Structure formats: C-alpha cells, structure tokens
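A.B. asks: Structure below; questions to follow.
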C-alpha cells in the first residue's frame, strides 16, 4: 500500500490546476513543471537519507530537530502545520466549487437563522461525511482511502481525455509560447502539485522494507509528472484562454464525462483529509502524556482533528479563491518544505561526509527555492488581494 499512499499524497489538486497554469505560463513553462518534479523527487530521497542516518527520527519535524535542534524543530513545525492547514483549505474550496456544479439547481430549505446558502450547506455535509476518517489510527488503516484517491485521479484524467474524443470540444486552441510575467504566480501552482514531503518520512518509517523507498519515490514521481504533463497540454488545448483554474469546471456541463469528473473531484478531498492530517495526528499522539490510555489518545486526536477540520471549512467558505490560495500555499510553504528544508537538513546531517559537488548542488537548490518562493509569494499575494477587493466592491 506504500506506493498507493505515495501516489495519493502527490496527486490531487495539481491535476485540476496544471492546465490553467500551463495556459497562463505558456507551453515552455512545462519545463519548469518537469524541473520542479525532478527537484522534489530528489529532495524526497534526501529525506530518506536523513532518516537512514538518524534511525530515531520518525517524522519530518524529527529530521528538523536532528539537523538544527529544538529551535529547528519548532520552525519546521510552523511550516508543517501551516501547509497542512492551507492544503486542506484548498481541498475544501475545490470541494465547494465542484459540489455547486454537481447539485446545480438544487435548493435546500433550512431555518432562516442558519444563514447558509445551499452550496455552503452541501459543502458542510460533505466535510461532516469525511470527519470519521480523521479517527483512523495509522497509515495502514487509511490505505484504502489512498487507493480511492488514486482511483478518483484516474477517473478525472479519463474524463478529460474523453471530453477531447466524445465531448464535442476540439483541442485546437493555440497555447502561448511563454508568458514570463505569469511565471512567478504559476510556479506556486506547479510546486504545490508535488507537495507531500511532510508525509513521506511517515511513509518511510511505516515501510517494512525501507530499501524500496528510492524505487517507490522514483516510480511515483515519474508517473505523477507524466500525468500532469499530459493533462496540462490536453486541458490547455481543449479550453484555451477560457480555462478555469479547476479543469472540471471548464468541461461541457451536459457531457456524461463531466458529471463523472465532478463527482470524482467532490470525492477526492474525502480521500485526502486523513492522509494529509496524519503528520499532525502522529506528532500529537507522541506529545500526549504516556499515562493516557490508547483509547483516550484516540479520542483526543479525533476531537482535535474534527475541530480543525471545521475551522478549515469556515475559512474555505469565507475565502473561495482557489487558484490564489493554492499558488500562495505553494510559493510560501511548499517551496520551503519540498526542497529548501530537505536540502538544508541533508547538508547539516551529512556535513562531515558531503562532497563539494553535492554541497554546491544543494546550496544552489536552496537559493533557487528561496528566489522562486519570494517571487511567487509576492505575485500570488498581490493577485489574492486584488481579487478580494473586486469581490468586495461587487457585494
């Protein structure tokens, strides 16, 4: 099930957003997508090397502590929990956007004091359905959800492909060569597409044979990068400048493939919540007093997870700007977690044994990540503020 978990962690919102990113960045930006995929796979292998060197480390934050002590662990923890939080916010925004289309025309009646729209109520119900998955105890028990996530990704890809063949939409739009001014913003979307590094150490530790970590990493990132590249070009060719930040919302509304893709997109977050929440849950369980019973720890973890998911739901409904939230999360948080910090961990832990070429490579990747992260954060923050101002004026 480890390969399933790897694929489930990486695939997801990236598949929905890469066609929009490619259209806005130009077809040359696919080289950035490929480059980031290679860098993220490399940094994932670095995390495995760090765990191999420090057998006591069992999570991403443990690696941070091994490399930089207690302060390092605290700083890494902030990045981890912010990324988990914003990733789940992004999934919930996607859930909301797609469930509106799935149940278009449906009107639900409820007490006037609730002050909830039909779309908000439907999203709330869907999140409540997903809540029990946060009570599952370990990665083995949620492997069936990982398989469900992979299945949903395959369904979405097949639906997009069937749109080109049977949906009455001709893939004849011309993709711009390069729109350099959009690169900082779309880089966040590309980076987020590979974000999963906070979970990979937990998967490594859970493996019965950690020697297969390299093979699983290379195969998983190769498959996902291929999937992203194909769906990016296909979506951009199908819908051109009119493409929605989530490709499912651009597909022909009356086509059966669209309905299937929308349902798959609605179900995807339900398969993701537990796996994305796993690093926080594991750290929380370790932090709880040893005097607590296993049942008490499970209940504490479940209630806290439920509380945070409801908080995430509230934020997602009040900030429904999918592409800007996704790009900001990718640039501000995923860039650091996916390759700046792993490179820094590796340099510090292997300092006495690292060769000059490898040191130079890792220092270059840190500098590249910082530059890309700063540019992307500034660009996506500016766009988010502008969108919020326009929405405020309209209301």
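Cβ atoms here come from the backbone N, Cα and C positions, even for glycine.
These figures come from a predicted structure and were not determined experimentally.
TrEMBL lists these features:
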type     : residues : note
DOMAIN   : 5-378    : domain 'Amino acid transporter transmembrane'
TRANSMEM : 31-51    : transmembrane segment
TRANSMEM : 72-93    : transmembrane segment
TRANSMEM : 113-135  : transmembrane segment
TRANSMEM : 147-169  : transmembrane segment
TRANSMEM : 181-204  : transmembrane segment
TRANSMEM : 216-240  : transmembrane segment
TRANSMEM : 260-282  : transmembrane segment
TRANSMEM : 303-322  : transmembrane segment
TRANSMEM : 328-347  : transmembrane segment
TRANSMEM : 359-378  : transmembrane segment
A.B. asks: Quick one: do the transmembrane segment (260-282) and the transmembrane segment (359-378) reach 3+ CB pairs under 8 Å, ignoring pairs fewer than 6 apart in sequence?
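C.D. replies: No, these stretches are not in contact.
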A.B. asks: When you look at the transmembrane segment (216-240) alongside the transmembrane segment (147-169), do they share 3+ Cβ pairs under 8 Å, ignoring any pair fewer than 6 residues apart in sequence?
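C.D. replies: Judged by the Cβ rule, the two regions touch, with the required three close pairs present.
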A.B. asks: Which sequence-distant residues neighbour the transmembrane segment (359-378)? Criterion: at least 6 residues beyond either end, Cβ under 8 Å.
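C.D. replies: Sequence-distant neighbours of the transmembrane segment (359-378): 39, 42-43, 46, 184-185, 187-188, 191, 327-328, 330-332, 335-336, 339-340, 343-344, 346-347.
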A.B. asks: For the transmembrane segment (181-204), which recorded stretch in the set 31-51, 72-93, 113-135, 303-322 gives the largest number of Cβ pairs separated by under 8 Å?
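C.D. replies: Going through each listed stretch, the top one turns out to be 31-51.
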A.B. asks: Does the transmembrane segment (216-240) come close to the transmembrane segment (328-347), meaning at least 3 CB pairs under 8 Å for residues 6 or more apart?
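C.D. replies: Answer no: the transmembrane segment (328-347) and the transmembrane segment (216-240) share fewer than 3 Cβ pairs below 8 Å.
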A.B. asks: Below 8 angstroms Cβ to Cβ, which residues of this chain, lying six or more residues outside the transmembrane segment (303-322), approach it?
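C.D. replies: For the transmembrane segment (303-322), the far contacts come to 17, 85, 88-90, 92-97, 120, 123-124, 127, 130-131, 134-135, 245-246, 273, 277, 280-281, 284, 384, 387-388.
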